[in-house]
Amino acid sequence: MTQDEMKKAAAWAALKYVEKDSIVGVGTGSTVNHFIDALGTIKADIEGAVSSSEASTAKLKALGIPVYDLNSVDRLSVYVDGADEINGQMDMIKGGGAALTREKIVAAVADKFICIVDNTKEVAILGEFPLPVEVIPMARSYVARELVKLGGDPVYREGVVTDNGNVILDVHNMKIMEPKKLEAQINGIVGVVTNGLFAHRGADVLLVGTPDGVKTVTA
């Protein structure tokens, strides 16, 4: 099984968590693209979706799935998204695709977070994948200095502007032993919109595509 086939298997397995006639929270990224394809096969059974990025919105609309503004929705039964890394406590690093802020907002609204990954994303300790931090542009240098004080090596992601008009600093060389604490510390820096640690709102269900099929882990 190729890595992409494992992503696809995990994505399709998430369909069973989608409630009939519901509005589904949809994340961003290569694994989620497979989930959107899967969602397209049952679009008659759902009301529509709330999307965490312009890219996912475009793909949903292309398949004829109605996309709602989050402000017009009271609740989401599920939010389905991938991760760049996930540990055994269901804490994640997300934001490789620069959609972390909207992903975090949609995840906060959902009753259940379903994380879909291939088996290369499972780690014992978070931090091998650089931690994305979304920053107001004028605060970039200040935030970078503060991240250095926390032990990180921030690198400006050249040429990337988020859907919110902000910039991304990718923080390298961090062994993240206390994800909840670090998430709060970074979010406390003036000029930070949010960071890619999803520890305060981790995953409820993890679906992992493996060569032997899909493994299910629950929090």
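The backbone N, Cα and C atoms fix where each Cβ goes, and this holds for glycine too.
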Candidate from K59, K121, K149, K175 that Swiss-Prot assigns to the same substrate site as T28, G29, S30, T31, D81, G82, A83, D84, K94, G95, G96, G97:
K121
Could you find out if DSSP has K94 (substrate binding site) as helix, strand or coil?
coil
Write down the Cα-Cα distance for E103 (active site, proton acceptor) and K94 (substrate binding site), rounded and given in Å.
9
Near-site residues: substrate, ref T28, G29, S30, T31, D81, G82, A83, D84, K94, G95, G96, G97, K121, CB cutoff 8 A to centroid:
G27, V32
Tell me, how many other CB atoms lie within 10 A of the CB of E103 (active site, proton acceptor), whichever protein chain they belong to?
31
